[in-house]
Structure formats: C-alpha cells, structure tokens
Amino acid sequence: MGRGGRGGHKKRLMRKDYQGDGKRDNAWNEKKTHRADQYLEAGDMHNEAFEEYYKVQDIVPEGEWQEFLDILKKPLPITFRINGSGRFAAELVTKLQTDFFSHFSEGPVMLDGELVQPPRPLPWYPSNLAWHMNFTRNQLRKLSWLAAIHEFMKVANEAGSITRQEAVSMVPPLFMDVQPHHRVLDMCAAPGSKTFQLLEMLHNMEGADSSSGSSTTPSGFVVANDADAQRCNLLTHQTKRMCSPCLMVTNHNGEQFPKITGLQPAPGSAAAAAAAVEAAAAELAGNAAQQQQGEGEVMRFDRILCDVPCSGDGTMRKAPDIWRRWSVNNGNGLHNMQLRIALHAVRLLKVGGRMVYSTCTPNPIEDEAVVAELLVRCNGALQLLDVSDQLPELKRCAGKRKWLVRDKHQWYSSWEEAAKVGFKLDPTMFSSPEKQQLPLERCMRILPHHQDTGGFFVAVLQKVAETPDLPDPSLAHRFTRIITAGRDGRLIKIDGADPHQGAEDAAAYALEAAEQAIAALEAGDAAAATKAANAAAAAASRGGLAQDAATEIYKNQRRYDSQEARKQQQLAKQQQRQQDAATAGADEDAAAVEADADADVEAMEGVETAGDDVDADADAAAAAADEAEGADDAADGAADGKAAWTPSWVRGGGGRGRSGSGRFRGIDPIIPVEDPTIIKMLVDFYGVEASFPLATHLITRSLEAAFPKRLYYVSDALLAVLLADVRESLKITATGLKLFERHELRGKELGKCQYRIAQEGLPFLLPHLTKQVIRLPVADFMRLLADRNVPLLIPSSAAGSEAETAAAAAAAKTPSNQVPLSTPSVLKQLEGLESGGAVALLDEEAAQQLGLALDQAGSGALTANAPLAVSVWRTRASLSVLVAKNECEQMADKVRSAQQRMKQQQQGGKGAAKQAEAVAA
C-alpha cells in the first residue's frame with residue numbers, strides 16, 4: 001500500500017486570480033504547469049540516490065540491475081481480475097478469449113512496425129481468472145477492436161464482473177487461506193481491491209445450497225479499516241458490488257484499532273442457542289471457567305492482512321513522479337509506524353491465526369527490518385511460514401538476513417554506530433546477530449522485471465502461542481519532547497535523551513570526523529576524506545536536531561510549568577469550594593431536621609386517614625394521564641415525520657435522531673429497525689419467509705423520519721459485534737447490506753408498501769421472497785432491460801374477444817417500445833402483482849436452458865454471479881426498472897452470450913447427427 005496523502009499545501013486559486021486586472025493575465029501559462037502532473041520521459045527517470053541505495057542493499061540478483069532499471073521506466077501494464085468463481089466466471093473467460101482476444105490467434109499483430117502484445121493470463125493466479133494486457137494509447141486509438149476491449153473492461157468493472165487491480169496487489173490475499181467461518185481484519189484496506197478478494201474467499205462456500213437461505217451466509221466476517229475517512233468512502237463503493245452482509249468498514253489508525261470485549265452470539269442465532277445450552281451445562285457442573293467464558297470473549301481475528309502504508313518505491317511504473325521526490329528519509333520515516341501497526345496486528349490475532357505483512361516497496365527497512373523485529377519481540381510465539389511451495393509460478397526472491405541503514409548523510413551497519421550521530425534513525429531498523437539467525441529468507445520480494453509487474457514484499461506469519469506483552473517501540477533514544485495531546489490542548493512530557501548531552505556528543509563526533517577528513521586529504525585518500533566529511537555532516541545534522549529540541553523544551557517547559565501551576569490553583573479552589581459546601585450543608589441539614597419535626601407534630605394533630613385513599617386515586621389518575629400523553633407524543637412524532645418506536649439500542653451519531661452526541665463526530669448512528677409496523681409491512685407485502693430474520697437483523701443509519709430512508713441487513717456475527725461494543729469503541733462508517741430503500745414519488749400514492757428492494761441486496765434476499773416476483777420469458781426480459789420502462793395492459797370494460805381485438809388493433813398502431821406486455825403467462829402473473837416494488841427475473845425454464853439458473857450462478861454473494869433479476873416498480877400502467885443502465889447491459893450481454901452458446905451447441909449436435917447417419921448409410 002502506498003503512502004497516500006491528505007491534500008497538498010498549494011495556494012488555492014480563486015476567480016479573482018483570473019480577472020485580468022493588470023496583475024495577472026487571464027491566460028494559461030504552460031511553463032507553470034506542475035511537473036508532477038506530467039508523465040516523465042524515460043530520460044527524466046533518473047535518481048542517483050535511488051540507484052546507489054538499492055545497489056548497496058543488494059536486492060537485485062547479480063547481472064539483472066540494468067534490466068531492473070529499464071522496466072521501472074516503462075508504464076505498468078493493465079491487469080484485471082475476474083470476480084468470483086463458478087460458471088459465470090468461466091463463461092467470462094471464454095467470452096474474452098472468443099470475442100475479444102481471437103484477433104491474436106491468427107498470428108502476430110503489427111501496428112506501425114510495432115508488435116501488439118497479445119493479452120495473457122497471469123500464470124500464477126488460479127483458474128486463469130487474472131489477465132495482463134499491455135496496449136499503448138496509440139494502439140487503442142488506431143485499432144477499433146482494441147478500443148472495444150477497453151470499453152468492455154470499463155463496463156464490466158462498473159458492473160462488478162471484473163476488478164482493475166495491479167498484479168502484485170492480488171498476491172497477499174492468496175496466502176491467507178480465508179475460510180467462511182473466519183473473522184478477518186484488513187488493517188489498511190483502502191482502496192478495497194484486496195478487501196474484495198477477502199470477501200470472495202469468505203463467501204466461497206462450496207457445496208452449500210444457494211437457495212437454502214441464511215445458512216449460506218458465512219459465520220465469519222471482514223472488517224475493512226482505514227485511517228482516512230475519505231478513502232473509507234471509496235472502500236465502501238468498491239466493495240458494495242459484493243452484496244455481502246458480512247462487511248464492516250471502520251475508520252481508525254491501524255495501530256489504534258480498538259479491542260472489543262464481551263462478545264456474545266447474536267440474539268436468536270443458532271450460535272446463541274448453543275451458547276445458552278453450554279452455559280446452563282457449565283452452571284450445573286459448577287465449571288467456573290466455562291461460566292466466565294459465557295460472559296463473553298475478546299474479539300480476536302483468525303486472519304489479518306497488514307498491508308501497511310509505505311514509501312511506494314515499487315509503484316514507480318504507475319507513479320513516475322517518485323523518481324523526482326525519492327529520498328532515503330521516506331522509508332526511514334515510516335518504519336516506526338509500520339512496526340507499531342504490525343505489533344498491534346499480532347495483539348489482535350488469535351492463537352493459530354495467520355497474518356500477512358506486505359508493502360509495495362523493496363526497501364528492507366520497511367520490509368525485513370519490521371518482520372525481524374516482530375519475531376524477536378514475540379519470542380517464538382510468532383512464526384514466519386515457508387510458503388515457497390504455494391503459487392509456484394509466481395517468481396520471487398528470498399528475503400534478506402542482513403541489510404544496512406542509511407540516513408541522508410552516510411551508511412551504518414549497527415545501532416551502536418548510529419546511536420550518537422544517526423539522523424532520525426531507530427534501533428529497530430538495524431540487523432543484528434540475533435536477527436540474522438531468523439529464517440528471513442522465507443519472506444518474498446517480487447521484483448518488477450521478473451514478470452512485468454510492480455514491486456512488492458510479502459511475509460506470511462502464524463501465531464502459535466500467546467505473545468508476551470508487546471509494548472510499542474521505545475522512543476527513549478529520541479530527545480525529550482513536550483507535545484500537545486488531542487483537542488483538549490493538554491501538554492504531555494515524553495522523556496527521552498537529553499538534547500544538551502546529544503548536542504555535545506554530536507559536536508565531539510563532528511570535530512573528530514573533520515580532523516579525519518583533513519588527515520585523509522593530506523594523505524591523498526579522497527574516498528576516506530569523503531566518508532569522513534559525510535560523517536561530520538551527519539553529526540552536524542544530529543546536533544541541529546538537538547539544538548531544535550533544546551529550544552522547544554525551553555519554550556514549552558514554561559508553558560508546561562504554567563499549566564501545572566494553573567492545575568494546582570484550580571485544585572485548591574475546588575477543595576475550598578467542597579469544604580465551604582460541606583459547612584453550608586451541615587447548617588442546612590440542621591434546619592431541615594427542625595422543620596421535619598414541626599411537620600410531624602402537625603401531621604399527628606390533624607391529618608385524616610381518608611386522605612390516603614384520595615392520594616392513591618390521584619396517583620392512578622396521574623399515571624393514566626402520563627401514559628395517554630406518551631401515546632399522543634408517539635402519534636405526534638409519527639405525524640411530524642419522526643420515528644414512533646423506541647429502539648432497544650442506539651450507537652453513534654448525534655443530531656440525526658439522537659439527542660446526545662455519539663463518541664465520534666460526523667458519524668451517523670446505527671439503529672435497529674424494530675418498528676413492528678415496518679417489519680409487518682415488508683413481510684406481508686413481499687412475502688418474506690418466516691425463517692429469514694428480518695425483525696432482528698435490520699438496521700438503519702438515521703431516525704429522522706417515521707420510515708427510514710435505507711434499511712440494511714447485518715449478519716449474525718456483525719450483529720454480535722455491534723451489541724458487544726457498548727462503549728462505542730469502533731468508528732463505523734459503513735456496515736450491512738442494503739436490502740430496502742424508501743421509494744419516493746411526488747404527489748403519487750405509493751401503494752401498500754413504501755419500500756422498494758435495493759438491487760445490491762436483491763441476490764441475497766430473492767430466495768426468501770414469496771410475493772411480488774414476476775418471471776419473464778427471454779424476449780420480455782430482454783425488452784425490459786433495453787427499454788427500462790415497459791407499458792402494461794390496462795384492464796378494459798370490454799369483455800372476451802372484443803377486448804382482445806381492441807388490444808391487438810391498438811398494438812398495431814403503437815411504436816414497438818410502447819406496446820404493452822401481452823404474453824399470457826406474464827399477464828396472469830401481473831394480476832397478482834400489487835402496485836409498488838417487485839422483482840422481475842428470467843423465467844426459470846428459460847434460465848435452465850440457457851445455463852443461467854440460480855443454482856448454476858456461481859459461488860459467493862458476488863453481484864456478477866447473481867441470478868438474472870432486477871428490482872422494478874410496478875404501477876397500474878407500467879413496469880419500470882430501478883437498476884443502473886450499465887448493469888442492465890451486463891445482464892443482457894449474459895443472455896445474448898448464453899443464446900449464442902446454445903445455438904452453437906445445437907448446430908454442433910445437428911452436424912454430429914448427420915455425420916452419424918452418413919456413417920450408418
């Protein structure tokens with residue numbers, strides 16, 4: 001994962017800058033174009049520091065350096081992955097090979113004297129489901145069939161059939177062995193292509209009956225986390241094509257991902273019933289350990305993908321501006337954060353769980369140095385796995401046991417050498433005799449020139465025992481600092497090295513190095529003089545840091561002391577107020593006792609017992625009035641557009657349906673949809689099966705109306721997480737699968753149900769619907785996809801043949817796209833179809849013939865593998881599609897391909913029959 005960014009610091013351009021007021025011409029100045037926006041020419045792709053650094057680190061096999069450099073200066077090829085598996089995935093591969101790539105089967109294709117490279121599957125990716133194409137822009141412009149391939153890829157990517165993804169980015173999930181029951185955490189997930197792969201693996205439930213309902217929903221889940229809120233939105237968009245109720249998107253720094261305790265099975269689930277039986281048995285047997293376990297568990301993960309932010313040196317082919325801005329400080333500055341993220345991942349990992357650490361850089365400071373430090377700190381509880389027998393056709397280099405560390409001035413071989421003079425270096429960056437004994441050769445470094453890819457690093461680790469305490473890396477070697485903590489402005493003092501002593505040590509080292517440089521020059525040894533001069537420069541930089549730290553301490557210490565003094569003053573004032581209040585309270589208590597005594601005397605003298613009955617009647621009347629008032633408030637809330645029910649729990653949010661603010665600002669609340677009116681409406685209108693847990697697993701993100709805009713379904717496992725996180729530690733930006741959305745028609749009646757079925761949730765919900773489903777023959781289904789709005793026959797007062805004759809005469813004079821549906825089977829189904837939301841799908845018999853039936857659709861919850869069905873809105877006069885145009889085109893293309901395939905099979909069968917007859921004759 002590349003480092004990414006949070007926005008630049010360039011001056012904002014405003015309209016006044018272009019007004020031609022004499023200060024600035026209202027014209028574009030090409031010379032002032034930001035060079036980072038331009039693709040570099042090969043001659044500009046040069047950085048001596050980069051080349052020197054990686055030559056010394058010896059990451060490229062001998063004799064391959066020039067090939068390595070040359071490939072870095074070429075654009076990265078296009079690679080994409082076919083989503084899912086099963087029949088549709090295989091058919092898409094066949095379609096690519098026959099419809100688009102067949103031009104290359106006739107021989108080499110030349111254009112302007114240049115060979116057009118044919119597309120090829122990535123040899124190491126399973127089942128030929130990942131492809132590599134390397135076409136230039138010139139070739140795409142001049143060859144129309146290449147442009148057709150490019151256009152197809154855009155449509156298929158948007159519809160969810162394929163995912164544009166860099167080849168090496170596909171590698172880490174393949175080593176994770178994700179199973180449907182696993183809890184999976186993607187710690188640095190954006191933009192989401194790897195998360196998509198993980199969801200596919202989670203939903204790969206081979207052998208499960210796809211029509212049996214929620215039993216095909218995995219018992220595990222995927223939590224996709226990212227530190228950038230905007231990238232979390234991109235992540236949500238990327239993964240919604242998976243139509244999975246088992247995904248949660250969170251927004252935390254990876255090293256601060258919260259630990260959730262008290263995890264219990266979701267209410268009403270099979271796991272909850274089993275847990276209740278176990279708890280009862282443990283109570284009868286007096287098993288305290290099992291009883292304590294029944295109180296909940298700490299949420300740990302079976303699989304963790306730790307694709308950490310990195311310097312991105314391996315992405316130069318798609319981000320060539322890295323050539324200009326590359327610096328050794330890029331990787332050094334990220335090492336500490338990478339190590340902290342990886343350490344926290346180990347804390348969150350189950351014993352027996354697997355973790356994959358990966359970066360898109362070949363830099364050993366960000367790669368082997370992090371892995372080695374993990375292994376040392378875990379003291380045998382974490383093992384580096386040998387996966388050399390997996391994906392054998394993936395070319396990789398073994399990890400390194402030794403490496404050097406460089407700051408902006410010189411190289412160091414050990415921390416002892418760098419401790420006093422190294423510029424912004426940490427002891428965890430260095431190799432050591434202990435680390436050199438570790439099996440670091442089991443790490444994998446993927447170099448770009450081996451298979452025409454980007455650069456990448458992967459290490460597969462397994463937790464074999466509980467780890468010792470894993471504190472974050474110590475910063476004691478850094479100078480003492482005083483920092484501002486959080487938004488409250490508090491000052492926190494972090495102890496570290498004494499900057500005054502550091503300045504003295506650096507000065508002494510610089511003086512010694514300068515003397516060595518002078519002596520080397522006098523002896524004529526230019527190399528030694530250069531080395532000594534670099535050492536002096538490093539010491540001078542270290543001394544500068546020490547001076548800056550000393551200045552900061554001098555300035556902030558006074559603020560710190562002043563703040564501490566104010567705290568003491570406030571504490572003294574608070575104690576004085578408490579003492580005063582205690583004194584005043586004692587006086588008030590004495591007066592109250594005296595007043596109570598007088599009241600008791602009066603009561604004994606004049607109160608009658610009948611007053612007790614009067615008071616009791618008054619209390620009962622007040623309670624009845626309160627109850628009626630509460631009912632009126634609920635009715636008023638519904639009339640005013642507010643929710644009329646009170647949810648059993650609410651988390652997050654504030655301002656939108658929640659009076660108090662949640663823990664995280666700007667995050668919508670999560671509320672269970674428990675309104676019996678809404679649940680009954682959905683169940684009755686769509687005929688949702690009783691076995692489907694609609695009443696317990698629906699959530700919404702707002703209570704701003706009596707009928708929330710969107711209703712989401714969460715799996716048993718994610719519901720358990722939501723209920724366990726009572727402290728709202730998780731900052732959840734998205735979760736659940738959208739099943740229903742409130743339909744809005746201005747000035748028109750919506751019928752019996754205000755909700756339509758969301759297309760992204762349709763594949764999951766369809767097997768549980770018994771009403772509002774219409775099955776269309778192929779011709780009518782294709783017409784609905786093409787026209788998107790099809791008129792219906794409006795019942796006429798004419799009877800029998802007269803009505804049919806009138807309808808036929810009207811149809812003869814009507815344009816084809818305005819002819820009502822007239823297939824008898826469709827008309828019969830329409831009689832029982834209420835106005836409102838519905839589902840239109842391909843007739844079961846036709847789907848079976850074309851090989852597009854539900855049980856042949858492929859594995860997983862992938863939208864592209866779903867049955868051919870669309871969400872529609874039925875009115876008295878028409879049937880309208882509520883699906884994006886590109887998705888309709890994708891479905892229509894599937895039908896056409898299936899028809900063509902069936903036609904070829906029929907022609908082949910006829911030919912075989914004739915040949916058999918000829919042989920018999």
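Glycine is no exception: its Cβ is also placed from the backbone N, Cα and C atoms.
The feature compositional bias 'Basic residues' is assigned by TrEMBL to 1-14.
Here TrEMBL flags 1-33 (among others) as region 'Disordered'.
Taken from TrEMBL, the feature compositional bias 'Basic and acidic residues' covers 15-33.
Feature annotation from TrEMBL assigns domain 'SAM-dependent MTase RsmB/NOP-type' to 68-464.
Annotation source TrEMBL lists S-adenosyl-L-methionine binding site at Cys188, Ala189, Ala190, Pro191, Gly192, Ser193, Lys194, Asp226, Asp307. Of all Cβ atoms in the protein chains displayed, 27 besides its own lie within 10 Å of the Cβ of Gly192 (S-adenosyl-L-methionine binding site).
The Cβ of Cys360 (active site, nucleophile) has 25 neighbouring Cβ atoms from other residues within 10 Å, across all protein chains displayed. Annotation source TrEMBL lists active site, nucleophile at Cys360.
If you look up TrEMBL, you'll see 559-593 (among others) marked as region 'Disordered'.
If you look up TrEMBL, you'll see 568-585 (among others) marked as compositional bias 'Low complexity'.
Taken from TrEMBL, the feature compositional bias 'Acidic residues' applies to 609-618 (among others).
For 609-661 (among others), the entry in TrEMBL reads region 'Disordered'.
For 626-635 (among others), the entry in TrEMBL reads compositional bias 'Acidic residues'.
For 651-660, the entry in TrEMBL reads compositional bias 'Gly residues'.
Positions annotated as region 'Disordered' by TrEMBL: 896-921 (among others).
Marked as compositional bias 'Low complexity' by TrEMBL: 898-921 (among others).
Per-residue pLDDT, averaged over the domain 'SAM-dependent MTase RsmB/NOP-type' (68-464), rounds to 87.
Recorded residues Cys188 (S-adenosyl-L-methionine binding site) and Cys360 (active site, nucleophile) have their alpha carbons 13 Å apart, per Cα-Cα distance. With DSSP classes pooled into helix, strand and coil, the tally for the compositional bias 'Low complexity' (568-585) is 18 helix, 0 strand, 0 coil. Note: the CA-CA distance between Ala190 (S-adenosyl-L-methionine binding site) and Cys360 (active site, nucleophile) rounds to 14 Å. Take the CB of Lys194 (S-adenosyl-L-methionine binding site) and look out to 10 A: across all protein chains shown you find 25 other CB atoms. On a Cα basis, Cys360 (active site, nucleophile) lies 9 Å away from Asp307 (S-adenosyl-L-methionine binding site).
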